[in-house]
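Visitor: Can you keep this structure in mind? I'll have questions shortly.
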Amino acid sequence: MWYNNQLTQSLNIQYPIIQAGMAGSTTAELVATVSNKGGLGCIGAGYFTTKKLEQEIQKVQGLTSQPFGVNLFVPSHQSYTNEQVEHMNAWLKPYRKALNLEEPVVNISEEQQFKSAIQTVIKYRVPVCCFTFGIPSKEIIEQLKGAKITLIGTATTVDEAIANEHAGMDIVVAQGSEAGGHRGSFLTTNNQREPLIGTMSLIPQIVDHVSIPVVAAGGVMDGRGILASQILGAQGVQMGTAFLTTEESGANQLVKQAVLHSKETDTIVTDVFSGKSARGINNEFVETMKQYEGNIPPYPVQNQLTNSIRKTAASTGHREWTHMWSGQSPRLATSQHVNQLMDRLVEQVKTLLTVVR
């Protein structure tokens, strides 16, 4: 069976399909439905307060008895200067004025928020905990493993995958450059540039260098992508954009429609929205902010500075001023219920296997 392997056994799920964290766009209904249909639904908790995370976990637990996960951002510890913030506030002033917004106060509480989230995951016995932007400390990994929680890391290079395995991750997601949303990169490359290795190149190279199960992410939207990923050596897939446009997704309708009506040439990788590289649909804000390249405050500072602009723009229909995360396969996105998407994915793989045989 294409779905019976080390990955599905480790996660105690039927199908090797993981719904990506998609911070800010997941709902309890989305997560629970994916899990109820045999995949692994994940709460995108990167921006959650402890109270919000507790509420979401309880909602999901009330909707499913199947395994699910919580996706967390590992604190980045990036330094920044007050001058950077002052300059960015000056550059963002026209947007705030147009949207009638006040200048925000930067409040960095990443570390405290992350540690609190870990304790919440343990308290509520969440079966799986996923990480991006790095690897948590040895102490945190030991705490989670002591609670019998399965750990999933993220890698955009072979070295990052090896680091995840050495740290004690049970599974690693190989995130190709096609993936929508934030890049999970955390190790510096020889040329000091953000690694942008495509899924087809990344998967087999990571598979050859680690012994833990590898999950393919980036551009996977249907049964063809699932089967192709397995042929490359991945034991499963992580899908974001495919779930982003479903009825149960918490993404703004403006974003959903933008993805559904975009082409493969419409996405770019930019750090202007959050201070960390992410793939999304190009727009006026990205083009305007390009002139400040090299002067963007790091995540999470830039994320806080642009947060109210992005949220207000999205809620008032200003698609040119908000982030619209999407992978490179928007033409394959569909608007349907999650259970329909899951059924379609499974049927597509079955049909393809019949043809191949």
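Glycine is no exception: its Cβ is also placed from the backbone N, Cα and C atoms.
Taken from Swiss-Prot, the feature FMN binding site applies to Asn71, Gln175, Gly180, Gly219, Gln238, Met239, Gly240, Thr241, supported by similarity to another entry.
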Visitor: Counting other CB atoms within 10 A of each CB, which of the binding-site residues Gly180, Gly219, Gly240 comes out lowest?
Guide: Gly219
Visitor: Where does Gly219 (FMN binding site) sit in the DSSP three-state scheme?
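Guide: Where Gly219 (FMN binding site) sits, the three-state DSSP reduction gives coil.
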Visitor: Secondary structure at Thr241 (FMN binding site) (DSSP, helix/strand/coil)?
Guide: helix
Visitor: Determine the C-alpha span of the FMN site listed in the record, that is the greatest distance between any two of Asn71, Gln175, Gly180, Gly219, Gln238, Met239, Gly240, Thr241, in Å to the nearest whole number.
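Guide: Among the residues the record ties to FMN, max Cα distance equals 20 Å.
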Visitor: Go through Asn71, Gln175, Gln238, the listed binding-site residues, and name the one with the sparsest Cβ surroundings, counting other Cβ atoms within 10 Å.
Guide: Asn71
Visitor: Give me the non-local Cβ neighbours of Met239 (FMN binding site): same chain, 6+ apart in sequence, Cβ-Cβ under 8 Å, ordered along the sequence.
Guide: Ile17, Ile18, Gln19, Ala20, Ala217, Val220, Met221
Visitor: Thr241 (FMN binding site) has how many other Cβ neighbours within 10 Å of its own Cβ?
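Guide: Total other Cβ atoms inside 10 Å, all chains included: 27.
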Visitor: According to DSSP, does Gly180 (FMN binding site) sit in a helix, a strand, or coil?
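Guide: Going by the DSSP assignment, Gly180 (FMN binding site) belongs to neither helix nor strand, so it counts as coil.
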